[in-house]
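**Q** Can you keep this structure in mind? I'll have questions shortly.
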Amino acid sequence: MRIATWNINGINARLESVLAWLDEVKPDIVGLQEIKTIDEKFPREEIEALGYNIETHGQKGFNGVALLSRVPFDEVHRGLPGDDSDEQARLIEGVFSTETGVVRVCNIYLPNGNPVDSEKFPYKLGWMDRLNTYVAERLELEEPFVLIGDFNLIPTGHDTHDAKAWWGDALFRPESLEKFRILANMGMTDALRATSSEPSYTFWDFQGGAWRRNAGIRIDHLMLSPHAADRLEGVRVHKDVRGQDKPSDHVPVEGTFAFA
DNA sequence: ATGACGGTCCAAGACCGA
């Protein structure tokens, strides 16, 4: 089974690219972030025609996440618990049955948090606290649990072209890294880092010729519970997608697992 | 040294992103 994450930066602006990639790669489960539209305006028919079941958690204009799956959904959960005043659509989770048992896939669009002197940074940290609580509860189930998405977090200086330039940004500073370390220390494995020591960037800014200069960062992750990590076979970053026509600023990251 | 992006709202430019 192959499970992928991709921040597409607008599903309606990116539809042709997404259809082409799905048709070529045919991943089993895909988490999309920044669909930037409401559920009613998500282009369901075109994606369903490629053999996918679809569940969305959309929002007008910004944010929004979706799960696509060739396997039927047993369960769907929308939204991150813990703050009733939070109206941003940033989490959707699906539960799937395979021949070798259940797989739970949670797809997130973690807040960016910049600028750090605004209310956006404490929102990010609070969101990460709530996520850690959520993940701790999921880990108690002792299932294969795959937490994927745009984490807006650079795990180490090795995951950026210029650690000094990024240090202090909401994506790469002590408060954010501390929350991410709590997640890792619960037993969630960074799939890419577990299988490769290459830099493997997943985002290149539209500005400043970042792609041309390979000035990237790695912020899109697959984090695995012990039961999921045990079945990890490999991770592939679809870097070529960034060089295609009308690209997103993020590329897909795909994990292969020994689930039937 | 300078200028250098793209999507969404919706119809001009603000807001957002990282």
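Easy rule for this one: first residue shown is 1, then count along the chain.
From the backbone N, Cα and C atoms, a Cβ is placed for every residue, glycine too.
Keep in mind that TrEMBL annotations are predicted by a computer and have not been checked by a curator.
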**Q** Given TrEMBL annotates A:GLU34, A:ASP150, A:ASN152, A:ASP249, A:HIS250 as Mg(2+)-binding, which of A:ASN7, A:ASN12, A:ASN53, A:ASN132 belongs to that site as well?
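**A** Looking at A:ASN7, A:ASN12, A:ASN53, A:ASN132, the one TrEMBL places in the Mg(2+) site next to A:GLU34, A:ASP150, A:ASN152, A:ASP249, A:HIS250 is A:ASN7.
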**Q** Average the pLDDT scores across the domain 'Endonuclease/exonuclease/phosphatase' (A:4-250) and report the rounded value.
**A** 97
**Q** In DSSP terms, helix, strand or coil for A:ASP249 (Mg(2+) binding site)?
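**A** Its secondary structure by DSSP: coil.
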**Q** Under 8 Å Cβ to Cβ from A:ASN7 (Mg(2+) binding site), same chain, six or more residues apart: give me those in sequence order, or none if nothing qualifies.
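**A** Sequence-distant Cβ neighbours: A:LEU32, A:GLN33, A:GLU34, A:TYR109, A:GLY149, A:ASP150, A:PHE203, A:ASP220, A:SER248, A:ASP249, A:HIS250.
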**Q** With a radius of 8 angstroms around the mean position of the C-beta atoms of A:ASN7, A:GLU34, A:ASP150, A:ASN152, A:ASP249, A:HIS250, what other residues of the same chain does the Mg(2+) site pick up?
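**A** Same chain, not in A:ASN7, A:GLU34, A:ASP150, A:ASN152, A:ASP249, A:HIS250, Cβ within 8 Å: A:ASN9, A:GLN33, A:TYR109, A:PHE203, A:ILE219, A:ASP220, A:SER248.
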